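Look at TrEMBL and you will find 76-770 tagged as domain 'Myosin motor'. Feature annotation from TrEMBL assigns ATP binding site to 170, 171, 172, 173, 174, 175, 176, 177. The annotation region 'Actin-binding' is assigned in TrEMBL to 650-672. Summarising the annotation, TrEMBL assigns coiled coil to 922-1105, 1333-1415. Taken from TrEMBL, the feature compositional bias 'Polar residues' covers 1122-1136. Taken from TrEMBL, the feature compositional bias 'Basic and acidic residues' covers 1142-1153, 1175-1201. As annotated by TrEMBL, domain 'Dilute' applies to 1510-1786.
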């Protein structure tokens, strides 16, 4: 059954090469290709299958429907089936198969349904890293997964405030239980629990318990759930797990007493048997599973790969975690063991109607012992039953068969009650006292089942699935309708399959269940009578009910999935579920207390139809228990049948599901043989039809299944638009383009935010887009290939010309040499041959002439005679042959003419008939016309060829004529020349004869000379040969010696190189191993610190909660400072404990990690207790001190403000001194700057810098007089205020005081005294002015001298320059360098001397200031001692000059002990990092704290040192706890903590840390205390701050990474958006609010600038950047591995571009050596893997060598996920992936798929000394540290 596409649309695209699906009996659907266009009226389609076979496909003559079309390859393998353009059964089946087999993807969306195919293999896709990857993500953004469904449910629960349900269904063995388990695990991991009770662990612990008592091995599944369950996971208002509740449905009790072949009983029985040897189980008297009847019937007691003993341990641990005590556990095991022994009880027949148990029957004895019941009583009631009538009750024996059935019924009843009891206790353990705010339900229920024999269980299961399918259809239809209404799309309501008639057939009045219950009430009711009632009631009245032809004990129901035939046998018995009451009473009387509990619960159960007022099901009845109908009982509850209870519980379940938002998971079983990744199309399509997936497809396909947002459509199909079509309004642009592309407006609709397409339209648009892109690609390829070939040709041509030039030159030289030699040889040969030939010619010529004369005469005579005879013979032959020829010709002519006439007549007749036939056909004329055209063309071609040939012949003829004429002329000239030569030769012959005689003489002499020469040459050759032989022997010996020497040297070098390489390798390996060990140890230690900080924070939180819970004392409120001081003390003590434990922990080996953590935990617990006690005592002491402080404060408020004026004067004096100090420093700096400027003769001229500085200083001296005068007035005002402070009761205002002063000053004596004082002051100031003038004049003289010396230096430099110019260039450079070095050295020496002089001057001035200050103090004290208060008032104040005071600071800061908390508060707790970082020197708080520590060390006050350091550490912790999510705060304190740590090292006095110190800094080293332990504590604190900084970074970067690195198109237009389904992913188009790569880079810039402003160490910045880049790479790669839509060629290019931008950022910041780039290597290789070729073995080898930073699992995953975005991209073949796996099988790497994004690299803090002098540090007033003084 498949959904047909509309015939009209199919015909539009059913053209040549269109691909379609045709039915197939084996593969269900086969792909084929059209070989011929379809035309209306065709009855047969010409197809070609994929394997190359041609066939004719006959269309249905009635419907004339065409086969369904295939989707384009680009859409195959989509995450969502609704994204397919053609929606029908073959497309769904093929998409699932491709994803499952080729890509190894088991999850696929189908609209709102998640289809999960069981892989029958453990996959690494369920780890905690995967959970973290899916947490917080949108459902469409990630690949389909059960975690995505769980996240969607969790998110909707929090967003919509509505309860959720996850409905997991499927066949047995399809993976329902595993899917439900993973969904619960996701909730437990993501949400966490609201308390410390670890509720999520308890929820997960319920799984092994329920699996052990409710799961069993079947032929289809090794862990099949034999009951349905609905688990409600409760959440509080913060959406954390607080509890859970479980309901179970229809436990398969018959499995307890019977198992089919190759099946097992429930797991718990085999776990008990496997653990029988345990000491606590000895009393159960268990044995092997094959010993018990109830466990051996299936013949398969062992499951491969499962250890029942280990599973038993897990079950017991889960029971303990859920609060089931050991005594109750042993009670449960006793009952289970008793059931096993009960199954071995045998009966002996006495007669046909009675039986008995053998005496002292061992199995029954053990059963009675375990159950605590009497043997005789149980043996009696196993063989008898009690019958009650209206008048009497009597006991009746039963037959052996009935006794066995009663035994089995009792065993089933005990097990069912035990199952319910366990479920109740699990629910109690998971119940929460906190009010439940919302819940998520997980329904794990059996799917539709059909077997060869279907009974009552299958009937109930299929009934439940009918109800669930109805709810599913309604929900899908509702969602589809809501989507159209929201987008305001008009649509027609479609009909969908409603299975309400089938449900009515089962559950309505007089339905199957009603008739079954009625028959159970009949005294003589049986399965046969019930079947007849069914036939009479429903047969021929209900279309869904049928009767089998060959059976009267069966019936057929047409379910939504398929027809199912049910056998009536056993329905009544299973519905009644009868057990004898007497046997139950025996068990209730048991001494074993747990056993009666099982049956007491049975009496308390309410009616399933009744509900509590709250509408929720009480805990005691959460499990629907089957009714136990007992004869003679009138209780209504016990008369409830199994079917009735199941119907009620099912109605309750449907009410719950309808009140929640459902999420559907459909599990598919791919094959019946449990083969991994094997897909059986027949089985899969059956389940797809049964689970409602195709119904979803049908509803979607009926309307507009394909949906695009306007932005996505524009991005995808922008290539189909012209520039003029693109408008600013995207919506209007899309409308205009669609109207041009698709003419039929019914094929699409425009919604508010989306465009809706009918089925097939996206495929049509994709085809147009692919054609356009293909044409563009071809044009680009053509141009690029042409350019490349031209470039290659030009390069080759240039190279060839160069080679030709050299070769031709060489050849020409060789040819010239050859020509010269040849010419000389020819000349010699010419004369020699001429002589020989001429002589032989003359002899031969004479003989030849004589012979020719005789022979020619003889031949001429013979020829004449022969010619005469021939002539006469020819005349005779001529006449004879003529006569014979004429006779033969005449006879032959007559015969031929007659034959021609006959033949032509016959041919004409045939031609006439053929012409008459063809005259009626138009095709004849066409063919005739075609033939004539061809002939005309051929004739025309022949004419052209003949013309060409004629022209060529004419040309040849003309050329031959010309050649002939030239040759004739040449021959004539040769003849003339030969004649002349002949004459000359005659003349020369005479001369030759004379010369011959002379030659003969010379030849004799030549022969003699030659013989002598020959003898000499022979001797010379012999000598030469001997010499050469000797030389060769010597050369050979020399060569051998050289080769031996070279061989020896080579061996020595090779050995040395090998030894060096091996040593280097060993050294490198050992170094790497040591580094790895060090990093592991450092990481382990830092993880321990992280855990310690977490426990510490937890302790602080608990303490805060306790403080909030405790009631404060009346009238008492603790201040922040006291709280921080109290906190600092106990935190410091805990850190000391940690520091003391450090050496022990560092020494322990890595194998003891777990015990170390536990010991640390116990130690911390003990420490917490001690700290609580210490806290209480400190609290009491604190309260006492605060009361004292309050009393002291009250007393101080009563005192008069005597010291106010003194404090004011002190502060004023300090400010003046500070301003004077700053002024002196500024003047000194300006003077130095002026001196170091360009030295020239103009330096002393007016307007020069030095001159201006001196003038400024002279003017400042004159201004100083005015300042001194003002100081007199200030001093006077201060003295007046002091007099006011001395008066005991002064209530007068300032105005009255001034008035009295004026009146008192009227006295002449006082005025005179004041005048004298002023004169003395002026005289003193004039003296100072004179002295300053002299000093300035001296300085001016010295400056003039320096100017003169500079002039001389300048002249000397000019002379040196003139000398250098005369030297050669090399010597000139060397000389200039030497002179420059000498000059700089002298200059430095001069500057050092000047600096020393200025230091002396500064010290001298400071001493003078101290003397003046001392004199003023003595003067004030003397006046105060000698003058009474009255005199002070009456006498005038003498003005005194106050010089500024300057100290020689030692780099220390002094503070009072009681100001410590104020220091911490102002410097740490309330400090704003931004203002400090911008305005002050980096690390200023660290320097201030260290200077305070130095002063405490200087005072040798260990208590003060300890208190300050402890308060500092605790203050930093507190501020980080308060503002720990602010990057600036964490960065600021990380920088300051490191600087504080470096200061403690730099000034510790240890030689290793003093190498870079100046002598002055070495003087500042600590003298009294060794703070090495505190350095360790600070280092640990820095590590904790660094880890917190990384967490803050991660939280800020996390939302940006995926959007910026993957989703955003940095290179616009490279990758278009592929069609998506109902689960829309986040758009990759950059809208407002979306993150881009620029956002990430801006954030990185922000981080880097903040860290630099805070003065963080460069090495630490590198480590932070490395960690940031690791997070970016890991998160990006993890998302890439979980998103199929991101694995494409274009996305690989985007990623590589993004990575290059990050690398560019590293280069700009000079951080390339930080190791950050290496952390991106896995991501880079993954991007390269997406782009490289993936076809041949060479490609596989290249991939294996390239991807060394990726694991095998990651490489295979990327290849499996690789998805073409465009049609011209090719998919990765499965064979290629197998090749990669084979090549990588020897690689030893982690099997983990995802990178650990939470991994933090171990941090180190390299020592970085500061060059800043402590004594120069100024404390700004903005810090509010006025209570600190510099020392």
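Note that the numbers count up from 1, one per residue, in the order the chain is shown.
Cβ coordinates come from backbone N, Cα and C, glycine included.
TrEMBL does not curate its annotations; it predicts them automatically.
As the structure is a computational prediction, the values presented were derived from the model and not from experiment.
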Residue numbers, six or more beyond the limits of the region 'Actin-binding' (650-672), whose CB comes under 8 Å of its CB atoms: 96, 100, 110, 112-120, 146, 149, 152-153, 156, 160, 162-176, 179, 183, 220, 230, 247, 249, 441, 443, 447, 463-464, 467, 471-472, 475, 608, 617, 678-680, 683-684, 687-688, 691-693
Most Cβ neighbours inside 10 Å, all chains, among the binding-site residues 172, 177: 177
Counts of helix, strand and coil residues, the region 'Actin-binding' (650-672), according to DSSP: 9 helix, 8 strand, 6 coil
Env. residues of ATP site, Cβ within 8 Å of mean position of 170, 171, 172, 173, 174, 175, 176, 177 Cβ: 118, 221, 224, 447, 667, 669
Among 170, 173, 175, the one of these binding-site residues whose Cβ has the fewest neighbouring Cβ atoms within 10 Å: 173
Chain-internal residues, separated by at least six, CB under 8 A from residue 176 (ATP binding site): 168, 169, 170, 225, 444, 445, 446, 447, 667
Mean per-residue pLDDT computed across the coiled coil (922-1105): 81
For residue 171 (ATP binding site), nearby residues of its own chain (Cβ under 8 Å, 6 or more apart in sequence): 220, 447, 448, 449, 667, 669, 687
Nonlocal neighbours by CB distance (under 8 Å) for residue 174 (ATP binding site), same chain, sequence gap 6 or more: 116, 118, 447, 667, 668, 669, 687
